[in-house]
Amino acid sequence: MKKKYNVAVVGATGAVGTKMIEMLEETSLPMNQVKLLASKRSAGKEVTFKGQTLVVEELVPESFTGIDIALFSAGGNISKQYAPEAVKRGAVVVDNTSHFRMDPEVPLVVPEVNPEALKRHKGIIANPNCSTIQMMVALEPIRQAYGLDRLIVSTYQAVSGAGINAMEELKTQALAYINGTPADKLEANILPSGGDKKHYPIAFNALPQIDVFAEADYTYEEWKMINETKKIMEDDSIKVVATCVRIPVLSGHSESIYIEVKEEGSDVSKIKDLIAKAPGAILQDDPSQQIYPQALASIDRKETFVGRIRQDIDIDKGYHMWVVSDNLLKGAAWNSVQIAETLHEMDLVRV
Ligand code: A2P
């Protein structure tokens, strides 16, 4: 086991990359050097890390020489092109994009749920989709106790999941609208999806499209939640369906989840007990005191918050819940750094 690692952050100036740097400031991972990489546009930019000034460098294949762990969050195309370059130079890659997630050779890991999958890594580990991660943290203890027959999820997702520019777009549109610009005159260039033809305002709106449309009129975001759940839980028989919605919240994804368990014997208090004891989860569920998870309160927290747990009115084995987490932390930066910590603890920082 190596004593101290050289760590690179790819996309260090982005919404997730910035949070990765914050998580590295707090990590227990023994580190020697931290290298910050972004596009040519950001080269020379200074970032304070643990009281020291680090200078952002332009990403090139040679950036990875001497790097042990590379955290990627600069978009799928950058991961496609540069993750193999990093591995070739001996680095283990933790990739936050969707590019490698469904590759059977690449483990897709939520450390509280399937750390053992890390043993199969061949240099690249994928960080799941933000919405999938928080759902897995909440549901894995229930799956272990009672099995999961089906789940139906509707998401209420924050704009930071679409990057810094999307956050700016929300703020600009909100100000313009408050100052009298009519809704049909608000400028929109990014959401619902940078890769699609039309753009709509997100301020004071709800957009039932995240990423572009794909098979059977589900969006890619919805397919990610469906496919990634089955891969992480290693169970293709779980019936999963998702509706993903972008709302005008800066950070903190919320999810309304309906589940049906397989086995007999569950009830609301047992489900609450499982969540209360679940690693990485916090039960916030007291309707008499109006206690339930909220997006604003989840910001800068690493945990996943679960509440509004209710039995379905008609289905004995059906339960509803509200699950909230900071999409930039547990949904991205923290889960990636936590994977790096787990790799270190399992002595798997090697290609
Ligand atoms: P830069 O700031 O130099 O453009 P976000 O998801 O918040 O939009 O951030 C995307 C991140 O990916 C940023 O750090 C951005 O750097 C980085 N990035 C974008 N294009 C490239 C590229 N061609 N090479 C390296 N990094 C890139």
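Glycine residues also receive a Cβ, built from the backbone N, Cα and C atoms like all the rest.
Remember, predicted model here, so these are calculated numbers, not experimental data.
Listed in sequence order, the residues of the same chain lying 6 or more apart from Cys130 (active site, acyl-thioester intermediate) and placing their CB within less than 8 Å of its CB are Gln157, Gly161, His253, Ser325, Asn327, Leu328, Lys330, Gly331, Ala332. The active site, acyl-thioester intermediate annotation in TrEMBL covers Cys130.
Residues annotated as active site, proton acceptor in TrEMBL: His253. Reduced to three states, the DSSP call for His253 (active site, proton acceptor) is strand.
Long-range Cβ proximity for Ser160 (NADP(+) binding site), meaning a same-chain Cβ under 8 A and a gap of 6 or more residues, is found for Ala15, Ala166, Met167, Leu250, Ser251, Asn327, Leu328. Per TrEMBL, NADP(+) binding site is recorded for Thr13, Gly14, Ala15, Val16, Arg41, Ser42, Ser160, Gly161, Asn327.
Within 10 Å of the C-beta of Arg101 (phosphate binding site) there are 22 other C-beta atoms, taking all protein chains into account. TrEMBL lists Arg101 with the feature phosphate binding site.
Under the heading substrate binding site, TrEMBL lists Gln157, Arg246. Look at Gln157 (substrate binding site): DSSP puts it in a strand.
Annotated domain 'Semialdehyde dehydrogenase NAD-binding' per TrEMBL: 6-121, in sequence order. Averaged over the domain 'Semialdehyde dehydrogenase NAD-binding' (6-121), the predicted model has a pLDDT of 98.
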| query | Under DSSP, is Ala15 (NADP(+) binding site) helix, strand or coil? | reply | helix
| note | Same chain, |i - j| six or more, Cβ under 8 Å of Arg246 (substrate binding site); the result in sequence order is Gln157, Ala158, Val159, Gly161, Ala162, Leu191, Pro192, Ile202, Ala206, Leu207, Gln209, Ile210
| request: Can you tell me which of Thr13, Arg101, His253, our recorded positions, come within under 6 Å of ligand 1 at the Cβ? | output: Thr13
| message | Measuring Cα to Cα, how far is Arg101 (phosphate binding site) from Arg41 (NADP(+) binding site) in Å? | response | 28
| Across all protein chains in the structure, which of the binding-site residues Thr13, Gln157, Asn327 has the highest Cβ count within 10 Å? | Asn327
| DSSP state at Cys130 (active site, acyl-thioester intermediate), helix/strand/coil | helix
| task | Note down the number of other Cβ atoms within 10 Å of the Cβ of His253 (active site, proton acceptor), including every protein chain shown. | result | 30
